[in-house]
Structures are given as structure tokens and as C-alpha cells.
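Features of the protein shown, as given by TrEMBL:
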- 492-756: domain 'G-protein coupled receptors family 3 profile' (DOMAIN)
- 492-517: transmembrane segment (TRANSMEM)
- 529-550: transmembrane segment (TRANSMEM)
- 562-586: transmembrane segment (TRANSMEM)
- 598-623: transmembrane segment (TRANSMEM)
- 651-674: transmembrane segment (TRANSMEM)
- 686-706: transmembrane segment (TRANSMEM)
- 718-739: transmembrane segment (TRANSMEM)
Amino acid sequence: MWNGYVLAFYFAIEEINKDSHLLPNLTLGFHVYNAFSSDQFTLWSTLLWLSGKMQTLPNYNCQTQSKSAAIIAGTMSAFSAEIGTLLELYRTPQVTYGPFDPMLSDKDQFPSLYQMAPKDSSLAHAMVSLLLHFGWTWVALFLSDDLKGEQFLRDLKAEMVKNGICVALTEKLPVTKIMYGTGDITFMSRIRVSSANVHILHGEAGSLVTVDMAADFFLTTGKVWIMAAKQEIVLHEMNHMLHSFHGGFSFSPHKGEIPGFRHFLQTVTPSRYPEDFYFTKLWLHLFHCSPAGSLCGQIYNCPPNASFEFVSGVIDMMTLTDSSYFIYNAVYAVAHVLHNMLVQKTEMGSLEDQLKLHPWQVNLLQNQVMHATEGIRGYYTDYDIHNAVNFPAGLGLLVKVGEFVPRSPLGALFPQTPRSVCSQSCRPGFRKIPQEGRPVCCFACVFCPEGHISNQTDAERCVQCPAHEHPNSERTHCIPKVVTFLAYEDPLGMTLACTALCFSAFTAAVLGVFVKHRDTPIVKANNRALSYILLISLTFCFLCSLPFIGRPSTATCILQETTFGLVFTVAVSTVLAKTVTVILAFKVTAPGRRMRQWLVSGAPNFIIPSCSLIQLTLCAVWLGTSPPFVDTDTHSDHGCIIITCNMGSVTAFYCALGYLGSLALGTFTVAFLARNLPDTFNEAKVLTFSMLVFCSVWLTFLPVYHSTKGKVMVAVEVFSILASSAGLLGCIFVPKCYVVLLRPHRSSLCGSREKIHCGSNKPS
């Protein structure tokens, strides 16, 4: 038998350890022990766990680490009761995931035991409603011979009497059973001769062994079984079409889905747990093969696509059973209690290395269990009704055919009649894919890919949405895309626009300071006119980012790249002219030389119009051949239509951009070579550093720009414009403004030299 609840346990542990908000910086570990249905082995396994050694040592704990915080046990309440008595001596909390048992709810006997399953208060009402729906008034009862069975028999008979239903046969099933005993044939003969065609089965796993074996080896046709409790044990033997339980009904408490659990079952492999032999044994049992890397003799290796989704010979592996749901909630209940303890210890400053539940903290677990089972607990319980369906090759399915809502005036509701299908229908938003090696009526349902929908059941293919629409989250219909661009109303657009205006105003203020102090040596150095031109061009550099913000139009698309290219060319060529001026001033020393005449005649100033004319020519060719235009991008973001500016001619765009990049690299190279020239007001070093910042910004811009999309891409370009312009402004002019405004004595020639030279003319 496959233990689906063990897989749910592994999934819950893995999910909690990945959650950064639940038990942060802690890893939840566990030990797994066999639960033998024997008093002797139950005591032995419990003492083995308590002592922590291969030999059982009562009253001793030989573990090097602290004991486990709690015990999660259960498909059989008898096992929980047997170990519960021993665990109470240590006040170790126990959480059970089996069916609810009133015996275990006795807090005087089991004060530290908590059950995840809800009470079966309305199960008898639910079964009677099903009998009335089909008009069945003559039934046989098979119940476990214990306290739980007696309680259910009283409730069921009371409901049957009120609704005029009679009992043809009542059979008590022993709690413990020797397999293949002589009473099996007698038991089965009573089922065959019974005049009732409807049998109600209720009991625990131990008491159902008789029914399990009898139904497998003694075929009874024409009988409908209505089951509760551990139906996965009974239905395990449904390995052929002519099985006694084929067409039967089972009741289980209504439960929600476990997010991600189905994907876990589809993708889990033994390689994810290399140190755990459980998955290797499970693979060997279900697929009759050996996982890759295991040492299993001559058994052939499992195929790489082996998955629980396509296991045959047992009940559908992908079906969420009651035990799986309850054990998942049990793990989370314990984890939340430990988390609350961790928070309390952290706040009190008494955090220890190990977390363990003390006796006075056990009540915390009870509150957490009640919270974890919210929605399925209460005096009245909702039930899902499943129909057991068999197919050839050992495929068995539990198909939900209805639900019981006790508060509803109609009682049991059946949205559909029992169906016999190999695969459940694919809902809208999914499409069918055939399964290799299986009949055409067996298929898997796959979610429609991005940009596609299906609006009908069992769709063969998904339909792609138009370019101006995108699918909804369920992929059932297309909805219009949202038009987006970097608007001034957006916080990002407003921030960038305000930043651009503030920097441009600051640059204008710096220009005013330089004009006011134009006769100081620090302003006159390195050609005062070039400083004015650079400040004016930087002002326009900040302002040229504004056309990038707002809804693109033909005018703004043309202005974006052309103004950007021209004003930045002027700024960079001005820096180049200032650098050349410094070089000529220090390299030309002899009077009468031609290079000295270039310096005197202001030849470096011709660099600016020459470089700008080349960029202007490139922009003119660009606008004359294939100018930028407004375009829409419907593919970068599936939920939005992005309004962008298309560059038109990509070649012209990269020519203009490449020319600007070459000019910037050339300017940086020239400034770097002139960085060590002497003099008080030599700005070669600041020019070198400013161009280093400028080039670094745009080299970083390229990969970031191409890795973004939508309005974020435009914001990256605007940010690069502002950052590079601010780099030039801050590196070149902010230090000079500091000297002019706050250290005016350093801006004079005398104040800038060494004190000994300045003081040599003073009288002694």
C-alpha cells in the first residue's frame, strides 16, 4: 500500500524549511518509525524513540541532542492510545492524523493528545441522505466492534428510524484479526445470502482486514458499498474490473487543496532525498525498477520521467486523501507552536539552542490545532461523496460525485451522476495531451501557455489572444491590455522630472556664481569661456531628459535622441577643449613656436563646433532617411501595451551613439594623459575623474538597459542621462564653487601658493 500521508509529511517539512517567515534560521527535522499493530512492538518502538538507542532503556535518554518536540502519529486510534499512556509520563504532546475517535478526546486520560480530524457528528445523517436520494431502504451494516463503532451504530439507527429505513443485517468486525482465518468464508457467505444490496461499512484499519480480503477473493456482484473511515485501505485491492467495491461510495470530510502538493507528487524523485531510503523503496515497489545511483543488484534503472502521475495498479496517486490532508495540517500546527515559542524566547532574551515543548506549554498546541482545522471542525461536518471506479490494468479512481452540507435544506447534493471515465475532464483554461502508451480516452490536462486561452471543456488546443489582449489568470478568456508609459503622474516619472529640473536650476546657479566671480584666478583658469559653455550645455543635458517622460508623440520621439546626442556632444567636446587647453599651456614653453600661436589664437575653441557639426550631420542624415516614430510593444509585458519610440533607422541611431561614445573615450584618454601636469589651478585631474564617471555610467547603462522592459527601460535611460550630467557637474564645478564661496582666500594666486613664498615679501 502506498503511504500518501508520508509524502504529504515530507512536503510539509520541505515547505516549512523553505519559508523564511516560519521558524527562520531553523531547520525542522524528523524521525520516522514504523507503527506496528501489536502491543509488544508498539511499546518497543516507543521506548526505542524515547531512549534514543538501539536497545530500549526505560527512564533513560541516551540522545546527544534534545528529544523531539512532538509526536505525529496515527492512522489507527488504538496505536495512538497505546503510546499515549507512555507519552503522558513524559508529557510529550501527540498529534494524530487518523479518523476522529471519541476515546482519544478524553482529556483526563490523554491531556496531551490532539486530533486533527473533525468529529463524525453528521456522518450518519449524510449516509441516510444518500440512501434516501437513491430510494434505498433495506441495508446491511458492517461496523468495528469497539467504542467508536457502537457510537456510530446508535447514531445511524436513530437517523434510519426517523426516515423509515430498515436494517437487514448487522455484522460486528473484530478490532484485531488474524489474516486468512477460517471465519472469512463464513463471513463472506453471510454477505452473499443477505437480501440487502446496499452495505454500509464503518471501522478502523484493523477491523477492515476481513472485508478487504473477503472482497478481493470472494467476488460479490450487485452489491453497493457505502464506506467511511480509511477507505484507501479498502480500495487498495481494486486491481481488476470485477471487484466487489466497484461502484461504491465513500464519505470523507470536506477538505481544501494543499497548494503545490500535486506538483510535488509529479516532480519528486529519490535524487532529491539521497540519504533517505524511503523513496528508493517506494520507487522499487511502485515502478519495479531501481532509481539511478542506487545499489539494487540487477534491477534495471527507472526511466527519467517516472512519476506518481502515471502509476497503475493502485488508487490514483494524485488523489488527496484524508490522512494526507490531516498530517499536513498537523506538521504546520506543531511548526506554528514552535515558531511562537521562538518569538517569545527571542523577546524575553532567553533563546536556547533547542526548542522543546514543556508541560506547561502543551495548551499552545491545542489552540494551534483548532486554528489549523478551522473550517472542517464543528458539530456539523461537510462531506465529499466519492464514487469508486475501476478500469483495466489496475487503475482505480475516486471520483467526486457530490457533497453533503448538513445546513442545506436539501441535505445531500449531487451535481452529477457517477461517471466511468479514465481521466477527468479538462476545465476551461486547460488543454488535453495524450498519454503515451495509454488509450485515447486517457489524457492529462495542461495549463494553457502564456498568451493562450481555452474557453471550453476538454479543449484539444489553446487559442492565442490577439496582440492587444492578454489572458486572465484562469486562461479562460482574453481581456484588453493596459496601455502604459513613463508618465509624469507616476511616482517614478515625477521623481525623475523633479530631479532633472532641480539639477538644471542648480547648474544655472553655478553659472551665476562663475559670472559673478569671473575675475578670480580660479574662474579665469583654463579658459573662462569654455566653462560658461560647459555649464550651459550641462543645463540642457538635464533638460533633454524631459522628452523621455510623458506619452510619446512624433515630436518627442524626434527630440529624445537628437537633443540628447547634440547637447551631450557639446558637453563632451567642451571638456575635450578644456583638456587640450591645459596640454598646450604646459607643453608649449618656447616663444615663437607655432603651437604657442594656436594657444594664443584660441584654436582649442574650434574643437566644439567641429565635433558638434559631425554629430549634427549624423542626426540630419538620420532624420532625413528614417526618423524615429511612435510605436507599440505588445510582447515585452503580456499584460500591457507599452507605448515607445521606435528608433527608425537602427544603423543611424548606433552611428550617432557610437560617435558620442568614441568622443567620450577619446576625451577621457587625453585627460588621463594630462592628469599629472603641475600648477595651482590645473584641472586635468578633475577632468580625468569626471570623464571616468561619465564613461562608467554609460558602460553600466548598456547591460541594464537591455535587461529591462517597459517604462523601466525608459527610466533607466533618463537616470543615466541625469547621473552622467551630474557627474560632470559635480566633479568639475562643485570643488571650484566651494573655493570661491567658502574659501575665497584660496582663489587668489598668493593664497594658493606655499605660505613661505607668500610671506617672503612681508617685512621681517
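Glycine is treated like the rest: Cβ placed from N, Cα and C.
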Maximum Cβ pairs under 8 Å to the transmembrane segment (651-674) - stretch from the list 492-517, 529-550, 562-586, 718-739: 562-586
Taken over the domain 'G-protein coupled receptors family 3 profile' (492-756), the model's mean pLDDT: 82
Cβ-Cβ under 8 Å with the transmembrane segment (562-586): same-chain residues at least 6 beyond its ends: 526-527, 530-531, 533-534, 537-538, 540-541, 544, 547, 595-596, 598-599, 604-605, 607-608, 610-612, 615-616, 618-619, 622-623, 656-657, 659-660, 663-664, 666-667, 670-671, 673-674, 677-679, 682-684, 687, 690-691, 694, 721, 724-725, 728, 732
Contacting positions for the transmembrane segment (718-739) when only residues 6+ beyond its ends and CB under 8 Å are counted: 486, 496, 499-500, 503, 506-507, 510, 513-514, 522-523, 531, 534-535, 538, 541-542, 544-545, 548-549, 564, 568, 571, 575, 683, 686-687, 689-690, 693-694, 697-698, 700-701, 705, 746-747
